[in-house]
Amino acid sequence: MASSPVAPVVLVILDGWGYREETYGNAIASAYTPVIDSLWQAYPHTLIHTSGKAVGLPKGQMGNSEVGHLNIGAGRIVPQELVRISDAVEEGSLFSNPVLVRLCQTVKERNGKLHFIGLCSAGGVHSHIDHLYGLVELAKRHGLPACIHVITDGRDTPPRDAAGVLEELEQRLKTSGCGRIVTVSGRYYAMDRDRRWERTEAAYRVMTSNEHIQPLRAVDVARQSYAQDIGDEFIVPTRIAAGAVEPGDGVVFFNFRPDRARQLTQAFIDPNFSGFERALITPLDFVTFTQYDASFNCGVAFPPQNLSHILGEVIAEHGLKQLRAAETEKYAHVTYFFNGGLEEPFPGEDRILIPSPMVTTYDQAPAMSALAVTQAVKKAIEKQEYALVVVNFANSDMVGHTGKLAATIQAIETVDRCVGVLVEAATKVGGTLLITADHGNAEYMIDEDGNPWTAHTTNPVPFILVEGEKRKVPGHGGHVILRKDGCLADIAPTILEILELPQPLEMTGRSLIVSAPYEMRLNRTPVSLKI
């Protein structure tokens, strides 16, 4: 490791900070953001794509934090699990998947039941309802009773979307003649990722007990919740029919995104589980759609795709130090997802985890832990040890998901101030900053009907290059512009160019930096900026 002072490249990821011209319902346009506004005016900037085919998703599919960080860290467009699994359903290879076939055979030999647990929506961020329909057909082909444990969305979809989804699901099950909905739980409970075990427990108890059955249709559970002003995300776990997870059964958790599926999975499979009191259900065959954690002892229907020569790996191979920093809500994204699904850090990779505030929803604490993250990263920059610093600010995404416009504006203004601190710290040591986002959210919070919008968007995001005195852009100096057709996969090649490191062949992204035309250089006026 180099001992001389290092001028870092600082990648600042403003989670959920999209770009949209329209100001109505736009928390970012409504907020007071003097730092970002000044940087946008003074430095090379562009808009980049973060959704659909630009990040390996189907055309028109909104991006998300997992996909965003995966593409940024990989330096290439990574085909996403949504596409991979959807293709398996459409082409029929799902029905010959060896892990799923073996599960069905084992359950049938035991005269057990097959359970499908997952987020039931077309959001495409954590799961897709079409994948459940494929699983129901799988159960039908094997002559197995299928018990469906619905997790309702309301976060990656409109807050009251579940009623329509459940109506269609009930009709599809009736037509199929296979499968029944036995429990309904909001994702707030079943998909917690912050070790609020009381939430996970509420969903787990309903799924594993036939007590307290409320003889309702699933759609009626949603409608009764709406009548109490409870949206899909917060539907209280409810059992509506017999069909608890019991010894001899098999389970498929069909979420493909790992982070919010881990806690509930642990409760089912971990013999040393300590989140809450429960007896381990055994024998129980448990399959997850993707690998939720390398340490989990369960089947995986779609094993991970290996990515080689990603950004963190290249930095480490050249003997340089790097730092990843975020609060709890986005820590996995700057580490696990940024590193292509690897849990272990690369040599020379340090990590800073700042706990997120323990509140029910983040509109109650719009600043979240941004100030603490900022101070920790500022100190790290001042050490001049790291060639690359990656920091994520969760506020505009996490508060944006609440649908509370005023709170989201506060969140954005907090982040703007934090960016100012990091710009000052980085430029003081000659470092260069790249300021961008992983997907849109907070720029669109009210839909065309005037209702709160809590999901992500397909809008582009800003990308700003703040060039430092000791970390100049090679061969260009101040005479640079940024391409207009870029995407998240282009960020890693841009960083490598600034660090003067070779771009591996596996990295198919292209640097966003291009030389400005001669005429533009002549007309460019130097800007004096003080933050």
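Cβ from N, Cα, C; glycine included.
According to DSSP, Asp438 (Mn(2+) 2 binding site) sits in a coil region rather than a helix or strand. Residues or ranges marked as Mn(2+) 2 binding site in Swiss-Prot: Asp15, Ser65, Asp438, His439.
Feature annotation from Swiss-Prot assigns active site, phosphoserine intermediate to Ser65. Counting Cβ atoms from all protein chains shown, Ser65 (Mn(2+) 2 binding site) has 28 others lying within 10 Å of its own Cβ.
Under the three-state DSSP scheme, Pro258 (substrate binding site) falls in the coil class. If you look up Swiss-Prot, you'll see His126, Arg155, Asp156, Arg187, Arg193, Arg257, Pro258, Asp259, Arg260, Lys330 marked as substrate binding site.
The feature Mn(2+) 1 binding site is assigned by Swiss-Prot to Asp397, His401, His456, with sequence analysis given as support. Residues within less than 8 Å, Cβ to Cβ, of His401 (Mn(2+) 1 binding site) and separated from it by at least 6 positions along the same chain comprise Gly16, Arg155, Tyr362, Asn441, Thr454.
Taken residue by residue with DSSP, Asp15 (Mn(2+) 2 binding site) is part of neither helix nor strand, so it is coil. Asp438 (Mn(2+) 2 binding site) sits 10 Å from Asp397 (Mn(2+) 1 binding site), taking the Cα positions as reference.
Sequence-distant contacts (6 or more apart, same chain, Cβ under 8 Å) of His456 (Mn(2+) 1 binding site) comprise Gly16, Ser51, Met62, Gly63, Asn64, Val125, Asp156, His439, Gly440, Asn441. Among the binding-site residues His126, Arg193, Pro258, Arg260, Asp397, the ones whose Cα sits within 10 Å of the Cα of Asp15 (Mn(2+) 2 binding site) are Asp397. For the pair His126 (substrate binding site) and Ser65 (Mn(2+) 2 binding site), the C-alpha distance works out to 11 angstrom. Comparing the binding-site residues Asp15, Asp438 by how many other C-beta atoms lie within 10 angstroms of each C-beta, the top residue is Asp438. Between the C-alpha atoms of Ser65 (Mn(2+) 2 binding site) and Arg193 (substrate binding site), the distance comes to 14 Å.
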